[in-house]
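Undergrad: Below: one structure in structure tokens.
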Amino acid sequence: MGNPENIEDAYVAVIRPKNTASLNSREYRAKSYEILLHEVPIEGQKKKRKKVLLETKLQGNSEITQGILDYVVETTKPISPANQGIRGKRVVLMKKFPLDGEKMGREASLFIVPSVVKDNTKYTYTPGCPIFYCLQDIMRVCSESSTHFATLTARMLIALDKWLDERHAQSHFIPALFRPSPLERIKTNVINPAYATESGQTENSLHMGYSALEIKSKMLALEKADTCIYNPLFGSDLQYTNRVDKVVINPYFGLGAPDYSKIQIPKQEKWQRSMSSVTEDKERQWVDDFPLHRSACEGDSELLSRLLSERFSVNQLDSDHWAPIHYACWYGKVEATRILLEKGKCNPNLLNGQLSSPLHFAAGGGHAEIVQILLNHPETDRHITDQQGRSPLNICEENKQNNWEEAAKLLKEAINKPYEKVRIYRMDGSYRSVELKHGNNTTVQQIMEGMRLSQETQQYFTIWICSENLSLQLKPYHKPLQHVRDWPEILAELTNLDPQRETPQLFLRRDVRLPLEVEKQIEDPLAILILFDEARYNLLKGFYTAPDAKLITLASLLLQIVYGNYESKKHKQGFLNEENLKSIVPVTKLKSKAPHWTNRILHEYKNLSTSEGVSKEMHHLQRMFLQNCWEIPTYGAAFFTGQIFTKASPSNHKVIPVYVGVNIKGLHLLNMETKALLISLKYGCFMWQLGDTDTCFQIHSMENKMSFIVHTKQAGLVVKLLMKLNGQLMPTERNS
């Protein structure tokens, strides 16, 4: 046995891409990968299980790479066909993680083993053996506090997700990671027996019919080369890629043996077939499989319009990873391009498998009229580059096809033309127009930089996309205009709403992840104003449920902010009519309580105006308003929609539509109709679990042992936000 101190804990993440196209993408998507995980029972709980990464031990003096590859093969033999096991391409050390408990002071290494792209091979499920899981499904429920994973495995999976995201942004890294191993790339190895460099190697050690001297003499007798040409690229570090003209995948591969009884043998006169007939078959198959591509390629405007009316997708990629608009732009079909953009609402920056855009194709073909159409489109990214970092102008000047001079002139002029703008609204209804330097490829981060906010103020806010009944916070790398374009599909995925009644707009709003301790330190008047406008909006809409006394105080502050100091002649009993109350009292209280509050509101308003200890500067009053809002449980929450079921009688259930609020304090349920706060749970006092179908999640309160299920298509978003915000509470906030 080896020395225990020389034995290292090693965890292995075996990952494989679902398709080859994802390897060339600069944007990381977890759903494009699968990861190999074990399921092991939780100690003391027979029925419950948790997922763990593959784990092995490494001797300090052993060959690590081969040891890990052999371990993966042996571990996966029971689940693979013919007991072959999964053979990794290489072993990459990602990171070392400190261990807890008895092993404190030691570290465990996480090794990544990339495997082949997923195919139709069917793996058998064997109890106790690992199986592949979709990485996106795993990351949706992965957190260090989740009962679904071992704590160390959860930390490693979160680090792996971040690592893959960073590596996708590096050119050529991901394709190199999944490239076949050097051993796989060696096809033939030839050794010259006459080449003996070791002094101890004699003719007897060659074990061949000829001695080394005889072989050497025969070689010298052969005709020698007159010229020797060296490859100047050999041994250099220059990047190169093999250009593939066409990739053809056998659709029947992996489907098993065919039913030979159904195979029809053609007549003998048809046996001799030329390559041209084979090509014709392939073209006919392409025409049948991709009618929209064919009509775009041929410029058949009538057929193209009819297919679009039949809901054929403009985003579908064919076997060459081209979309219909790529064919229209490459072959110079002007009307087809216009129809795809206008009627088909096609993304003008849609990329093919080699990351080339429609503008690249039109410029490369020298089709000036199509270049003009694309440049006139408000969402086109004029600065877009392909996989090799080339702009459309570079491609145009390289190819020099057709009317390339005119196309190049248009591209050069477009660089200095004014950019399209998008309105970013604030919650008070005002907006700022921001330039879209990259069309609909412009990211949230780039829009935030165009908002003319200071660096300090930017960190408190982000861009939200909102319609009447759905609001989503976007991430810095998201492209808001593409979300606006895809809003009907997003609505269908997350709600049952009618897209015709939901018009999306972009808003500058408080970042839901902003800790209250940080917000309390804000002094910038502009930041305070933006926060105030949003808090006032949520208060009046009824999302801030609070005691009557708190709502009356907030109403008096709003009167001071809107109308200035109290004047007895001006602000009489009838001053607070129904119209004025709408601007200071939540909509849920207007009819039930607001008429009885008028005297109390005016009284507090008068006291506030005459108080010498209160600053009447606008940002100080707005800050006082925020200070009162900070105490409300739902302050700063992102709201989702859902339903809960309660027993109306022993025989049936009552459906209650609810708002699900998630903030840095915890989770809150509001009755959708009355805005009454049904339940408010702080982190640490409840547990959650995502349902199997991602259409519900379960909440268990540890204080009163109560459990309930919320049914919503947004369950995945709710659980992911809970995992992000859990643990962000400051110690001083936990008891407040």
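From the backbone N, Cα and C atoms, a Cβ is placed for every residue, glycine too.
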Undergrad: In Swiss-Prot, which of the ranges 430-452, 499-521, 591-613 has the region 'Interaction with RAP1B' annotation?
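TA: Among 430-452, 499-521, 591-613, the range Swiss-Prot annotates as region 'Interaction with RAP1B' is 430-452.
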Undergrad: Do you know which of 172-195, 460-483, 628-651, 652-675 Swiss-Prot annotates as region 'Interaction with ITGB1BP1'?
TA: 172-195
Undergrad: Residues sitting near the repeat 'ANK 4' (388-419): Cβ under 8 Å, six or more positions beyond its termini, same chain?
TA: 332, 357, 359-360, 362-368, 371-372, 375, 382, 435-437
Undergrad: Which residue counts does DSSP yield for the repeat 'ANK 1' (287-316) in the helix, strand and coil classes, in that order?
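TA: Its residues fall into 20 helix, 0 strand, 10 coil.
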Undergrad: Which bits of the chain, at least 6 residues beyond where the repeat 'ANK 3' (354-383) starts or stops, bring a Cβ under 8 A of a Cβ in it?
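TA: Contacts with the repeat 'ANK 3' (354-383): 24-26, 321, 325-326, 328-334, 337-338, 341, 347-348, 390-393, 395-396, 398-404, 406-408, 410-411, 414-415, 417, 420, 436-442, 481, 485.
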Undergrad: Mean pLDDT for the repeat 'ANK 4' (388-419), rounded to an integer?
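TA: Across the repeat 'ANK 4' (388-419), the average pLDDT comes out at 90.
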Undergrad: Give the residue counts of the repeat 'ANK 2' (320-350) per reduced DSSP state, in the order helix, strand, coil.
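TA: In the repeat 'ANK 2' (320-350), the DSSP-based counts are 16 helix, 0 strand, 15 coil.
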